[in-house]
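Undergrad: TrEMBL lists these features:
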BINDING   B:His9, B:His61, B:Asp160, B:His164  Mn(2+) binding site
COMPBIAS  B:199-223  compositional bias 'Basic and acidic residues'
COMPBIAS  B:224-245  compositional bias 'Acidic residues'
DOMAIN    B:2-69  domain 'Manganese/iron superoxide dismutase N-terminal'
DOMAIN    B:76-194  domain 'Manganese/iron superoxide dismutase C-terminal'
REGION    B:199-245  region 'Disordered'
Amino acid sequence: MALRSLATRKTLTLALKSTRLAQSRALQTFSLPDLPYDYGALEPSISGEIMQLHHQKHHQTYITNYNKALEQLHDAIQKGDSSTVVKLQSAIKFNGGGHINHSIFWKNLAPISVRGGEPPHGSLGWAIDTNFGSLESLIQKMNAEGAALQGSGWVWLGLDKELKKLVVETTTNQDPLVTNGPNLVPLLGIDVWEHAYYLQYKNVRPDYLKNVWKVINWKYASEVYEKESA
Amino acid sequence: MSRETLAYHWGKHHRTYVENLNKQVVGTDLEGLSLEDIIIVTYNKGDILPAFNNAAQAWNHDFFWESMKPGGGGKPSGDLLDLIERDFGSFERFIEEFKAAAATQFGSGWAWLAYKANRLDVENAVNPWPSEKDKELVIVKSPNAVNPLVWDYFPLLTIDVWEHAYYLDFQNRRPDYISVFMEKLVSWETVNTRLEKAKARAAEREMEEERRRKEEEEGKPTNEEEDDDDLEMYVDNDNDDSEAE
């Protein structure tokens, strides 16, 4: 009896060990999050055609390439191949950043029917007035910085957790907001890559910026703000 | 490349760069400079000044339109083909590399074929022992408005990979746009003409270098004269000081 239980315990321990090893070796892969609304639900601010391409093609491509880069990174780390580890950093920043930013973006938008565009109340509303004077001022500032951004990037409303204030920032390409400062938390990001608006607004980025506010989901931004400033 | 794309790309984007540049330049030190000079000055060794984006994009788009022609594509010939085969192994390899550069320029930017001649990659340094091997074709990519003029290369061919260049026709499918550009649009005649100019400029610069080197060797006395002037000035200053006291 004793022998059998010993044998069982050994096998059990071995089984546990190999599971744990397998878990540590298993790489999490990322997949495209579903949109909480239909592609056409943000019209006329953002066309259904754009939403579908943006979600199914652009975001998906970032995820696919991010997963690929992570797998290559994983291999390189295991082999101790430092030069490949370092070489992969830009692919990870581009594609991982693309995944992070777009995941936030879909939550930053909401159809008018579910209160998209409705101004923020509560603590975020107060904070905006304190930091920028008014919501209109904030919008003006974000539109100006978004329009002036050369090339591709994002314009953000962020919370600086250390300084305890709201900030407007821009990042280039797919750099997440945190690349501007480790204490920055994104509340709201607006994609100003041309793919985000070109089919509808062509070269007139300012028109896109003016109209996107009609579908901004302030509820989500408020939730993040309340959680992070607690 | 659709009519619609050209109407927006040339008629709106390019036009806006030119109009905004004109507004930025008027009444400043940049007024009266050539476009290429404005680009170099406002690039400011990487610490770019406000007019750079508009200036470089104005130049880039001119260069891009001229790089294409209806019924383009095909293969180059003569010197150009020889150089391509020398520096890339084969025409096919060149196409592969050029396409890869264009496809992997992340965000907005351009891919280029350029002629690089007799310069070290050190700012303002001149290659002391130039050889034929230094004169080579290179493929480079650049972000946003940057172009090879700022590295003192001679651009020969470019493709615009900002999304506005292909989104109406190809949406996210940049590789398809690049393929069509190579197969149906590139004007190899223009590239050839540019290569001849590039070689001529390289030859001119070599002659300049030779001339300057000969002058130094012959040891002209201009340097000594300058030293005497400095001495005189120093003496004058002393007198002034004693008078002041």
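Cβ atoms are placed via backbone N, Cα and C, with glycine included.
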Undergrad: Which binding-site residues (B:His61, B:Asp160, B:His164) come close to chain A, taking a Cβ gap under 8 Å as close?
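TA: So the ones by chain A are B:His164.
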Undergrad: Within its own chain, what residues at least 6 apart in sequence put their Cβ under 8 Å from the Cβ of B:His61 (Mn(2+) binding site), listed in sequence order?
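TA: B:His61 (Mn(2+) binding site) has long-range Cβ partners B:His9, B:Trp10, B:His13, B:His14, B:Tyr17, B:Asp160.
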Undergrad: Let me know the DSSP-derived helix, strand or coil state of B:Asp160 (Mn(2+) binding site), please.
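TA: It is in a strand.
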Undergrad: For B:His164 (Mn(2+) binding site), what residues in its own chain, 6 or more apart in sequence, show a Cβ-Cβ distance under 8 Å?
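TA: The list for B:His164 (Mn(2+) binding site) reads B:Tyr8, B:His9, B:His13, given in order along the sequence.
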Undergrad: Please list the DSSP helix, strand and coil residue counts for the domain 'Manganese/iron superoxide dismutase C-terminal' (B:76-194).
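TA: Helix, strand, coil within the domain 'Manganese/iron superoxide dismutase C-terminal' (B:76-194): 58 helix, 26 strand, 35 coil.
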Undergrad: So for B:Asp160 (Mn(2+) binding site), how many other CB atoms are inside 10 Å of its CB?
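TA: A count of 25.
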Undergrad: Quick one: which residues besides B:His9, B:His61, B:Asp160, B:His164 have a Cβ within 8 Å of the Mn(2+) site's Cβ centroid, in sequence order?
TA: B:Trp10, B:His13, B:His14, B:Phe64, B:Trp162, B:Ala165
Undergrad: Across the whole of the domain 'Manganese/iron superoxide dismutase N-terminal' (B:2-69), what does the mean pLDDT come to? Round it, please.
TA: 94
Undergrad: Run through the Cβ atoms and count how many others sit within 10 Å of the one on B:His9 (Mn(2+) binding site).
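TA: Cβ-Cβ neighbours of B:His9 (Mn(2+) binding site) within 10 Å number 24.
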